[in-house]
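What Swiss-Prot annotates here:
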type    : residues                                               : note
BINDING : Thr55, Ala56, Gly57, Gly58, Asn59, Gly60, Lys61, Thr62 : ATP binding site
Amino acid sequence: MIEKIWSGESPLWRLLLPLSWLYGLVSGAIRLCYKLKLKRAWRAPVPVVVVGNLTAGGNGKTPVVVWLVEQLQQRGIRVGVVSRGYGSKAESYPLLLSADTTTAQAGDEPVLIYQRTDAPVAVSPVRSDAVKAILAQHPDVQIIVTDDGLQHYRLARDVEIVVIDGVRRFGNGWWLPAGPMRERAGRLKSVDAVIVNGGVPRSGEIPMHLLPGQAVNLRTGTRCDVAQLEHVVAMAGIGHPPRFFATLKMCGVQPEKCVPLADHQSLNHADVSALVSAGQTLVMTEKDAVKCRAFAEENWWYLPVDAQLSGDEPAKLLTQLTSLASGN
């Protein structure tokens with residue numbers, strides 16, 4: 001229902017317009033206060049790169065963060081990552097992730113990023129506190145990448161990167177809750193790079209698609225072509241589950257059942273195992289896998305995806321960030 005409201009297919013969005021105007025008024029006032037320096041943003045002693053969204057829902061932001069961190073690491077840059085840790089319930093904040101940190105403590109995306117990149121990752125509702133925690137323990141970090149936080153103006157930033165869904169784009173264009181917008185589309189004029197996940201990119205936008213890898217068994221780590229798996233049940237607890245189901249079909253998999261879950265939904269063995277009958281194989285997203293690995297069964301697999309950016313602009317962006325991190 002919410003997708004139909006945000007896309008404009010359902011007329012119910014009009015009923016939510018008063019709340020959207022209120023949201024837009026408040027968010028605009030907050031941004032104006034920082035722009036006029038009525039409120040002071042905290043500036044880190046190292047450059048900060050924000051990777052964020054203008055819309056709610058899954059846009060492919062986390063794969064972009066992983067891509068960015070890995071690309072900078074390959075260039076010899078020491079990177080730290082901060083996140084709000086949506087859905088996390090740590091005993092105290094900021095929380096610096098370790099190999100023992102759970103998704104319940106830190107949230108799904110921070111654990112995934114930590115496991116994929118081995119970069120220092122910290123979570124806190126106050127992102128500046130997370131930055132301070134990383135720099136206190138890892139003073140050699142040269143640049144901070146913040147996963148989400150475009151609207152978190154309390155943290156000053158040097159580079160802003162926005163990721164948008166090239167198919168859904170901005171829906172009906174309205175602020176939450178009548179539409180999907182956290183900020184209006186005009187905000188794109190002030191950011192440094194716009195990355196478009198799928199669809200047809202417009203002038204100045206960097207094309208991106210998600211490239212699936214081999215399926216990975218949660219219990220054994222065994223890898224295989226996902227098309228070799230039989231009697232597949234697909235599970236996705238991400239911002240936009242249909243994208244994952246479409247990816248599986250693109251890989252030659254025709255799931256016997258597709259199970260969309262809420263983004264950041266907590267998972268347990270009983271609930272997940274109930275999705276699969278005898279002889280079936282469960283295939284989930286990597287984001288779900290970080291929550292299920294501790295209690296996984298032998299017929300549970302996940303399909304990792306990597307961000308693939310096209311054109312000349314990604315190299316220019318990486319050159320800019322490398323120079324920034326190096327102090328040049």
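Quick reminder: no glycine exception, Cβ is built from N, Cα and C everywhere.
Fair warning: this is a prediction, and the values are worked out from it, not measured in the lab.
Neighbour density for Gly57 (ATP binding site): within 10 A of its CB lie 16 other CB atoms from the protein chains shown. Following the DSSP three-state reduction, the secondary structure of Lys61 (ATP binding site) is helix. Long-range neighbours of Gly60 (ATP binding site) (same chain, six or more residues apart, CB within less than 8 Å of its CB): Val163, Asp165, Asn197, Gly198, Met208, Leu210, Arg243, Ala307.
Neighbours of Lys61 (ATP binding site), defined as other CB atoms within 10 A of its CB across all chains, total 23.
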